[in-house]
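Encoded as structure tokens, the structure appears first; notes follow it.
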Amino acid sequence: MQVYLVGGAVRDHLLGIDIYDRDWVVVGATPEIMLSQGYTAVGKDFPVFLHPKTKEEHALARTERKSGAGYTGFECFFDQSVTLEEDLIRRDLTINAMAMDEDGNLYDPYGGQKDIDAKVLRHVSQAFVEDPLRVLRVARFAAKLAHLGFSVAEETMQLMRDMAESGELSTLTPERVWQEWHKSLSTSRPDVFLSVLRDCGALAVVLPEIDALFGVPQPEKWHPEIDTGIHTLMVAQQAAKLSDSLPVRFAAQVHDLGKGVTPESEWPSHKMHCHTGLKLIKKLCDRVRVPNEFRDLALMVCEQHSNIHRAAELKPQTIIKILNKFDVWRKAERLQDILICCQADHAGRKGLEDQPYPQAELFMRAYQAAASVDVQAIIKDGFKGPAIRDEQEKRRAEAVKVALGK
């Protein structure tokens, strides 16, 4: 029996980046042999075992045969005769189809190291087209490795286009779409995930609300990039620069969905997009099972980002109403997240990426002034029942007025 480190750990070792998970393949073993050596069986569909000491996953070498539609339609075959090369060829990309033995020797039958040197994401074999999830995985790897200069090989992109056109992507469950989208949000370039899916035609299938933004014009005076889809990619990139928060990055990507349903007769104006976008965000989040933490922030950013952009024009009472909607008195950190999204929106415009965004500081100053109002002082002054809340609102608005010099 021979044990090999495989997949992402080998790739990341060669790239010189941090390794978080290590997966192993075992050649020449059986389930009985693994159990006799103290491994614990955990795999349901195929034999995966946990190492008795490290608890890292060790899978028996296996082959796969397409037996039905979608990414679950596979039959697995494993026994002692399956070779390392046979196991590696079923993997998605050449850079993920390398192995290393316990002495550090590299096994690279499909040219993964060469593609790492060339910074190319290339499929291992034609079997790539059998698993629609691979389209999303390639887009995610493109986002993960974009900062190193990686791009998708043209022949791989063509296979992805063919898969998008075939209808096979419709077999992906909402949970798997969200799983890959969610993982892409933690990369250095989440926008690349969306742009690769757009380039191969998959975005229209899995995230049609975002795809609908491409080709929709905005006023050139405010948006030199004009195209709402391009703007969305730019905002996604800016949000990733400004924050590591995944809900912030998600909210930035969907904040303008309403522009995708503006009637053409109203273009390039989108006066109702902060309102129309709310329904689209709810529908999208329900469909791909987005967690409430992400959904709630996205809805608040969508509804209020235009108001925050014109913070200097708002009356103190209006600012208090907005802060109340955000529930900042109980969730103070939420305001910072919303302001970062708005700043990303402001910076996600061609040639205006470095323009200051004083609105964020203004809104934060207003919040701090309003938060300083002491409810106990209001009670001491003799206010009771609902009158306490009314007086609190008045004093908060007055505090904002003083702080902002209005």
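One-based numbering along the chain as shown.
The backbone N, Cα and C atoms fix where each Cβ goes, glycine too.
Taken verbatim from Swiss-Prot:
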BINDING   G8, R11, R91, R137, R140  CTP binding site
BINDING   G8, R11, R91, R137, R140  ATP binding site
BINDING   D21, D23  Mg(2+) binding site
DOMAIN    228-329  domain 'HD'
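Rounded to a whole number, the C-alpha distance linking R11 (CTP binding site) with D23 (Mg(2+) binding site) is 12 angstrom. Compute the center of the Cβ atoms of G8, R11, R91, R137, R140, which mark the site for ATP; besides them, the chain residues with Cβ within 8 Å of that center are G7, D92, L93, I95, N96, F141. Across the domain 'HD' (228-329), DSSP assigns 79 helix, 0 strand, 23 coil. With a 10 A radius on its CB, D23 (Mg(2+) binding site) counts 16 other CB atoms from all the protein chains. Within the same chain, residues at least six positions away from R91 (CTP binding site) with a Cβ under 8 Å of its Cβ are G7, A97, V124. Across the fold, the C-alpha of G8 (CTP binding site) and the C-alpha of D21 (Mg(2+) binding site) stand 8 Å from each other. DSSP classifies D21 (Mg(2+) binding site) as coil under the three-state reduction. A straight line from the CA of R140 (CTP binding site) to the CA of D23 (Mg(2+) binding site) spans 19 Å. Following the DSSP three-state reduction, the secondary structure of R140 (CTP binding site) is helix. Under DSSP, R11 (CTP binding site) is assigned to a helix (H, G or I) in the three-state scheme. Distance noted between the C-alpha atoms of D21 (Mg(2+) binding site) and R137 (CTP binding site) is 17 Å.
Residues near R137 (CTP binding site) in space but far in sequence (CB under 8 A, at least 6 apart, same chain), listed by position: D92, E180.
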